[in-house]
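Read through the structure below, which is laid out as structure tokens, and then see the notes.
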Amino acid sequence: MRKRPLIAALAASSVGAALCAAGFLVLRLKWIRRGLLPLTSPVRAPIRSLQSMVSRKVLSWSDSLPIYTLRNDKGMEVVVSSLGATIIKMIVPDSKGRKADVVLGYNDVESYLKTEPCTYFGAIVGRCANRIAGATFSVGGETYNLHSNNGPNALHGGPLGLHRRCWSGRASEDDNCSMVTLTYESPHGEEGYPGNLFVTVQYTLMKDRNDLTTVITATTDMPTPVNIVQHTYFNLGGHASGTILDHELTIHSGDHYTPVKSDQIPTGQILPVAATPFDFTKAHAVGERLSEVEGGYDHNYVLFNMGREAKTIVKKGMASEDAQLAATLTDPKSGRTLQLWTNAPGMQFYSGNFLDGATGKGQSSYVKHAGLCLETQAFPDSVNQSAFPSVILNPEDTYEHEIIYKFS
């Protein structure tokens with residue numbers, strides 16, 4: 001699985017190739033222990049070109065941006081777009097072999113680019129995911145002001161964060177797996193962040209089992225906050241099957257969480273979940289205690305029993321070198337189960353509170369709670385919270401975030 005296979009680029013349309021060729025810069029990536037190939041030509045911010053095209057017509061994936069399809073021998077299929085390194089489709093069979101697309105998304109590029117407030121369906125978000133209070137932080141004695149897009153706060157890297165950038169992608173395959181590797185260079189000052197950030201996302205689908213691994217790596221030439229997250233919305237019954245309120249969730253070893261104020265900025269506390277509606281250390285239906293949580297679930301869980309010791313345990317932004325079991329999600333109707341493994345210290349459980357009936361894939365209506373997110377991450381607003389583990393990436397270090405979705 002870790003060996004470096006030969007590269008075989010997937011076919012892309014001429015328009016998509018032109019879009020992703022514009023603005024390419026030479027990028028040198030380090031060889032890393034995960035076996036990612038050193039790639040060149042990341043894309044620097046062709047978002048204006050994309051938006052100008054969108055203003056003229058609705059764009060479908062087939063006539064605009066390259067997409068990459070991963071398939072295995074068990075009936076699973078994952079489709080990834082070079083816009084935002086976004087998972088736009090995930091076909092998974094149930095226990096009887098019946099297939100369904102279990103992730104929310106849109107039909108066309110325009111919706112991903114222009115929908116506001118942004119839903120971040122399936123996207124890679126960052127540089128620094130979740131919220132940063134007041135859209136400002138200090139590092140190395142310098143104060144940086146970010147673009148605010150969540151009231152006065154910065155959310156998910158800003159309005160033109162990684163989710164709305166065009167990435168360079170290459171596909172590869174061997175006897176064990178198929179994969180796509182996407183790269184992007186975020187230039188110094190983009191969305192207000194310091195330093196050039198070199199980002200790689202690799203999606204790997206195993207041939208003999210329904211496991212999708214995402215490895216996100218990043219390096220920088222200046223100290224900068226980094227918290228890059230995969231933001232897929234799941235509905236294991238199928239993306240158009242209704243709500244996820246009857247899905248059963250277990251957050252293994254997630255015995256603490258970080259409470260928030262009314263603006264979703266953490267209070268700075270790390271509190272136990274015991275005897276609260278936030279306790280998912282044993283399986284509960286998502287909707288079972290939802291009415292007890294004002295606004296619904298949109299909270300960060302401290303994983304792996306780290307509790308208040310997380311700051312001393314987390315190294316280089318991660319809780320461990322290898323991924324561990326963090327959560328299990330089951331849909332009783334279809335029988336599909338998702339195990340989520342990660343090496344990240346936290347996980348944002350979001351119950352789709354702000355979905356409002358928007359039109360999604362196949363003209364489906366995504367009502368409130370039509371999907372949920374399990375976003376493995378650093379803690380929100382860590383750059384301003386002294387009790388939380390640091391999210392500052394230094395030039396001598398490599399950020400490496402691993403996420404594994406295991407379906408059965």
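For all residues, glycine too, the Cβ spot is worked out from N, Cα and C.
Pulled from TrEMBL, these are the features on record:
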- N130, R131, H231, T232, Y233, D298: beta-D-galactose binding site (BINDING)
- H231: active site, proton donor (ACT_SITE)
- E375: active site, proton acceptor (ACT_SITE)
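Overlay of TrEMBL annotations on the structure.
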residue	record	contacts (Cβ under 8 Å, 6+ apart)
N130	beta-D-galactose binding site	L155, H156, N227, V229, N300, Q348, E375, Q377, A378, F379, P380, D381
R131	beta-D-galactose binding site	N150, N153, A154, L155, D263, Q264, I265, P380, D381
H231	beta-D-galactose binding site	Y120, F121, G122, A123, I124, V125, A129, H156, H163, C373, E375
T232	beta-D-galactose binding site	I87, M90, V103, L104, F121, G122, C373
Y233	beta-D-galactose binding site	V103, L104, T119, F121, G122, G352, A370, G371, L372, C373
D298	beta-D-galactose binding site	V260, Q264, Q348, F349, Y350, S351, N353
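Among N130, R131, H231, T232, Y233, D298, the residues given in the record as binding beta-D-galactose, the maximal Cα to Cα distance rounds to 18 Å. Around the Cβ of the residue listed as 'active site, proton acceptor', the number of neighbouring Cβ atoms within 10 Å comes to 23.
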